[in-house]
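Participant: Quick one: the structure is below, questions incoming.
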Amino acid sequence: MEFMTIVRPVIASCIVLISLIGNFLICIIVKRTKILHNFTNYMLVNYSVAAIVAALFFYPFRITLYFLDSGYWPFGSIWCKLSISLAPITVIVYSQSLICISYARFRAICCPLKPSLKPKLAILSSLTIWLITLLLTIPYML
């Protein structure tokens, strides 16, 4: 058996595992540490949730498909459609979360006398991001 056929899946699995551990830790730390309950960190948690979704439901299946190298999708047609739709979902959520974080930083620097954005707004923004993203990706799921 070729060396790289063993090493590549192991490395890919380690990357997915490290991603899961790191993003779960971000969520737990922000939840448990009261001083971290602010708009920026809540949006960071939203970013981490999207990364967890990708690490659990997208990357393992795409990696498996890559290593099968036969073009055959062994997980069924429904999971094929869901897996394909998860790529744009996570990318849109990543980018929109970063835009919200950037706006909060811009506002903190350029308008320091205005009150900071509240954590409730971050929760509302996160829910809105996910809702709009799911609505935008419905065609991928059909």
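Any Cβ shown, glycine's included, is placed from N, Cα and C.
Note that this is a predicted model, so its numbers are computed, not measured.
From TrEMBL, here are the annotated features:
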- 22-142: domain 'G-protein coupled receptors family 1 profile' (DOMAIN)
- 6-30: transmembrane segment (TRANSMEM)
- 42-62: transmembrane segment (TRANSMEM)
- 82-101: transmembrane segment (TRANSMEM)
- 121-141: transmembrane segment (TRANSMEM)
Participant: Considering only the recorded stretches 42-62, 82-101, 121-141, state which has the highest number of Cβ pairs under 8 Å to the transmembrane segment (6-30).
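Facilitator: Against the transmembrane segment (6-30), the leading stretch is 42-62.
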Participant: Report, as numbers and ranges, which residues of the same chain sit near the transmembrane segment (121-141): CB under 8 Å and 6 or more residues beyond its ends.
Facilitator: 38-40, 42-43, 45-46, 81-82, 84-85, 88-89, 92-93, 96-97, 100
Participant: For the domain 'G-protein coupled receptors family 1 profile' (22-142), give the DSSP counts of helix residues, strand residues and coil residues.
Facilitator: 99 helix, 0 strand, 22 coil
Participant: In the same chain, who gets a Cβ under 8 Å from the transmembrane segment (42-62) while lying at least 6 residues past its ends?
Facilitator: 12, 15-16, 19-20, 23-24, 26-27, 30-31, 75, 79, 82-83, 86-87, 89-90, 93-94, 97-98, 100-101, 104, 119, 122-123, 125-126, 129
Participant: Per-residue pLDDT averaged over the domain 'G-protein coupled receptors family 1 profile' (22-142) comes to what?
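Facilitator: 91, rounded to a whole number.
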